[in-house]
């Protein structure tokens, strides 16, 4: 044991940059990310993997230029060894290649753009959440399993919207009756909902992140369609961060996710109870991902004995990801993205009358993302 | 086919009256006071938040909406007295900077007061569900209520502007504000009243939109852009122009989204048609605005002062 070194290291803790969206549109997601991450640190008494850490929390305001500036400052002035926190893919694409080039390890707590999973993968980039397509793929498979044959697909007219439909169709083999592209940030979906009614499909898939999804689900319910045409989507519009705002309109919606409040393992039970005790609300997927990103960093720090200059040990420890995951088992694939189980969940009411998700079925076992084969690491 | 068209026209009408309630205050403030007020969308947000908060506390959505109006009017009055009253003599750039600052301030204020997550506001019980407007075409009752509220507001505002002393001053102010001031009218009080009225209408719009939309920080900005398109098309300072412009924008936007992708598919291969149709649908109202400006640079009901 190198106790002396450990004690010397403790004097100045390992610096971690938590760069996330804390103001402007999408701030709720960043707050959940931060709270999940900090819960893991607090639970371990200010340490990760037995190593004292000093977490610098910085707001990116959901603006790429702000994110890049803040990241540069974290790396050059604060000398952080590890970074995490970015919620949105366009910000991740602006920041991650810069900081990983400077030998800072970036552990994504949400964004998983395909560019960084395939040809653009990097030994210093880990994704603790998913590859962006995963939840759409899970939803497609869930629709297929539910035996729903004719679908209308709705997504905003921007790159992630198109990617979502591609991901959905990778595992949905039925008939796509109509593909509707909406404006990004659209408020009113009356025209689209009327079209869905006229198309008479068996189900509707929506990828409408943030407020768009809240608007759509409320309006879909108010139009009286929810009973007739089942609604499906990735977890983004149906998780704990938005369910209280959507209300009963979300009841019964089936959504694809890699985690759920009711996943039956000890780590998850402790996480959900701990989060609720600390913050007086239920954790969202974003909070879970922040929490797990912290534990993945902890696995690396433990392997390196807290010496962040031992980059190889740090990376090797993180690749092994030796910790009790709230997702049950957790491991990284060759591109350092999760190889994980994916589930179909349904929005229900719990015994306290709160809207929550319950697992309906497991749709993928140890799912590997579609870009892993293109990643030539090292 | 016909039933769907009727439904889409109603949808367009509903969006139109919503936009009118926001644009009316914006056009008056711009037309009469010459103030470019970017913070108008913040008043819409304040209305929605006030309604959601009161509804959550009391269990009554109607009470929430009723309270939202004076709250937003008061917020408008405060903004006018504290900030904008100092900017009347300054140019539009200063006003844009100051009112944009208010937008940022209001957003962070709401986040501090209510947290970063969206709030919940439901449809009042009496307006839950749908009504069969035509055989086989159920329509959400709440959207019909919004249309009704919008038309009542339009009628009331028309009466106020055409028949009251305040209305006379507003019309005169929109024509020539220096002359009105020279005639001894207390122009400061007129401005304050106008701002409160604009705030009240924006707050009402936010409150009735709350059950349909996400009540969240920043919800005023996308609406404000549409409202500016409305008043530019209608002619700045004209309430009648705002009404016409709002209906035109509401209908064009809704029908564009409903039918342009299909029209594109009739003449183009499907993959290209989806792309171009969706893009055209997003641009409809801006193309319309460009067209109107090319023919009538001061808007349909503009051309004064």
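A Cβ is built for glycine as well, from the same backbone N, Cα and C atoms used for every other residue.
Listed as Cβ neighbours of the transmembrane segment (B:12-31) (distance under 8 Å, sequence separation of 6 or more from its ends, same chain) are residues 37, 40-41, 43-44, 76, 143, 146-147, 149-151, 153-154, 157, 170, 173-174, 194-195, 197-202, 204-205, 208-209, 223-224, 226-228, 230-231, 234, 236-239, 241-243, 245-255. Annotation comment: TrEMBL describes B:12-31 (among others) as transmembrane segment.
Residues or ranges marked as transmembrane segment in TrEMBL: B:38-56 (among others).
Below 8 angstroms of C-beta separation, residues 25, 35, 37, 39, 42-44, 46-48, 50-55, 95, 98-99, 102, 121, 124, 191-192, 195-200, 202-204, 206-208, 210 of the same chain, each at least six residues beyond the ends of the transmembrane segment (B:62-84), sit close to that stretch. According to TrEMBL, the feature transmembrane segment maps to B:62-84 (among others).
Under the heading transmembrane segment, TrEMBL lists B:96-114 (among others).
Residues annotated as transmembrane segment in TrEMBL: B:141-161 (among others).
The transmembrane segment annotation in TrEMBL covers B:187-213 (among others).
Marked as transmembrane segment by TrEMBL: B:225-255 (among others).
Long-range contacts of the transmembrane segment (B:276-295) within its own chain (CB-CB distance under 8 A, at least 6 residues past either end) are made by residues 226, 229, 232-233, 248-249, 252-253, 256-257, 260-265, 268. Per TrEMBL, the feature transmembrane segment maps to B:276-295 (among others).
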- [ ] With a Cβ cut-off under 8 Å, give me the same-chain residues at least six positions beyond the ends of the transmembrane segment (B:225-255) that come close to it.
- [x] 8-9, 11-20, 22-24, 26-28, 30-32, 40-41, 154, 157-158, 161, 174, 284-286, 288-289, 292-293, 296, 298-305
Task: Region pair the transmembrane segment (B:38-56) / the transmembrane segment (B:187-213), three or more CB pairs under 8 Å - done: yes
Task: Same-chain residues near the transmembrane segment (B:187-213), Cβ under 8 Å, at least 6 residues beyond its ends - done: 18, 21-22, 24-26, 28-29, 32-33, 37, 40-41, 43-52, 61, 64-65, 68-77, 79-81, 84-85, 88, 121-124, 142-143, 145-146, 149, 153, 157, 166, 169-170, 173, 177, 180-181, 219-220, 223
TODO: Would you mind listing the long-range same-chain contacts of the transmembrane segment (B:141-161), meaning Cβ under 8 Å and 6+ residues beyond its ends?
DONE: 10-11, 13-14, 16-18, 20-21, 24, 123-124, 127-131, 133, 167, 170-171, 201, 204, 208-209, 211-212, 239-240, 243
